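According to TrEMBL, the protein carries these features:
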{"type": "DOMAIN", "residues": "9-127", "note": "domain 'VOC'"}
């Protein structure tokens with residue numbers, strides 16, 4: 001008999017940017033979450049910033065060398081898909097927070113591609129209903 005694989009969970013998602021705090025504050029405002037923790041480097045300078053809703057956490061790191069992807073030319077290893085009941089209102093709010101709308105919109109009416117303040121693409125859409 002083989003041992004079953006241990007069950008794991010994702011504890012957080014990590015992102016890099018020129019300004020980790022600024023990106024954490026952008027996504028905290030976008031999602032209605034809170035900046036909950038700062039992590040200092042070996043010199044005591046905060047360089048990583050966590051936001052959470054109590055179950056999911058994102059950690060944003062200040063990177064000394066960061067290059068935003070050249071969307072859509074660069075392939076993306078992953079990106080965020082954020083769901084909002086009112087996509088049009090969410091888009092306007094996110095643009096006011098510092099996002100920009102990508103010229104390339106491959107999702108048609110299904111989703112909208114925005115670029116966060118660090119230049120990384122993310123998508124917004126209606127909540128997924130399954131099936």
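Residue numbers in this text run from 1 along the chain shown.
Cβ coordinates come from backbone N, Cα and C, glycine included.
Annotations in TrEMBL come from automatic prediction, not curation.
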*Please list, for the domain 'VOC' (9-127), how many residues fall into helix, strand and coil according to DSSP.*
23 helix, 40 strand, 56 coil
*Per-residue pLDDT averaged over the domain 'VOC' (9-127), given as an integer*: 94
